[in-house]
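What Swiss-Prot annotates here:
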ACT_SITE  Tyr153  active site, proton acceptor
BINDING   Gly12, Tyr13, Ile14, Asp33, Asn34, Leu35, Asp36, Asn37, Asp63, Leu64, Phe85, Lys89, Lys157, Tyr181  NAD(+) binding site
BINDING   129-131, 181-183, 202-204, 220-222, Arg235, 297-300  substrate binding site
Amino acid sequence: MVGNILVTGGAGYIGSHTVLQLLLGGYNTVVIDNLDNSSLVSIQRVKDLAGDHGQNLTVHQVDLRDKPALEKVFSETKFDAVMHFAGLKAVGESVAKPLLYYNNNLIATITLLEVMAAHGCKKLVFSSSATVYGWPKEVPCTEESPLSGMSPYGRTKLFIEDICRDVQRGDPEWRIIMLRYFNPVGAHPSGRIGEDPCGTPNNLMPYVQQVVVGRLPNLKIYGTDYTTKDGTGVRDYIHVVDLADGHICALQKLDDTEIGCEVYNLGTGKGTTVLEMVDAFEKASGMKIPLVKVGRRPGDAETVYASTEKAERELNWKANFGIEEMCRDQWNWASNNPFGYGSSPNST
């Protein structure tokens, strides 16, 4: 299927990398983003990287909760499918500000689904998260593993998964794929697009890169008393380009008339500790990272990594990059863009 694709949150980290892959694949791509946690600079760079395909990109600054504005976007283009990345994603912030997360993530998604249905667009790829597995009793996590929202953020992902299942059950014309991805890291090999979180980062690798370029004094290691090989948490880190490719495979799978509502893990199937990841980044950058060991964060699980067999079998997708390539590309992005998409610490 090559057609018109709407990408919500397309100016963000994962969204921008996926938009580039869509353009290179020949898709006409429309991005909507409220730019609360992202920058239009990323979209301009995507356009540049896409070369001649960049002319097939349109951008609207729209909040998904603004139904009239969303209706206008849908009235201008007949979409074949939607990729839904938009949403807030910081576990710690969600614990402190649960209503912000429920309002932003749930209402936005419900509004999107309503407008899609009204315009006869019933194909959706939804960005879920491995956070729905909570603190798993067994690893690797399969798509059938027990689910548990350990934070308001995690619960929004769980709720949206249930909403998607209910929507498809109520109207079998819907085809929905929900992608539970693990820990996205790295950047496009060009060094032109990457992760640029607003404020102090919540995730490991953007935090690491801000320490290395001198924007933060040290890296806080949250929890060093886990029952893992070095006491730090274990995660399944996946290169953002692999993740973007997984979304393209999911989009193509929506051509399957029998898909219904399906869920797939996107990860490498390998667990890496926080300290192992820090060591790999030090090797890639040639820099020493000052560490400060602090207590565990509420809502953080000990060990989480994916079983990827279902995605390999049904989506014909497999992660290609290891942590060395992830850190190499992350450092390439960080060293070329020490202030992200801005030109100074205070610019956006």
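Numbering starts at 1 and runs along the chain as it is shown here.
The backbone N, Cα and C atoms fix where each Cβ goes, glycine too.
Feature annotations (Swiss-Prot) mapped to structure.
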residue: Gly12; record: NAD(+) binding site; Cβ within 10 Å: 28
residue: Ile14; record: NAD(+) binding site; Cβ within 10 Å: 21
residue: Asn34; record: NAD(+) binding site; Cβ within 10 Å: 20
residue: Asp36; record: NAD(+) binding site; Cβ within 10 Å: 12
residue: Phe85; record: NAD(+) binding site; Cβ within 10 Å: 24
residue: Ser129; record: substrate binding site; Cβ within 10 Å: 23
residue: Lys157; record: NAD(+) binding site; Cβ within 10 Å: 24
residue: Tyr181; record: substrate binding site; Cβ within 10 Å: 23
residue: Asn202; record: substrate binding site; Cβ within 10 Å: 16
residue: Arg235; record: substrate binding site; Cβ within 10 Å: 24
Cα of Lys220 (substrate binding site) to Cα of Asp63 (NAD(+) binding site), in Å and rounded, measures 33
Counting across all protein chains, other CB atoms within 10 angstroms of the CB of the residue listed as 'active site, proton acceptor' number 26
Out of Asp63, Lys220, the listed binding-site residues, fewest other Cβ atoms within 10 Å surround the Cβ of Lys220
Simplified to three states, DSSP reports Tyr153 (active site, proton acceptor) as helix
Widest Cα pair spacing in Å over the listed NAD(+) contacts Gly12, Tyr13, Ile14, Asp33, Asn34, Leu35, Asp36, Asn37, Asp63, Leu64, Phe85, Lys89, Lys157, Tyr181 is 24
Looking only at the binding-site residues Ser129, Tyr181, Asn202, Lys157 (NAD(+) binding site) has its closest CA neighbour at Ser129
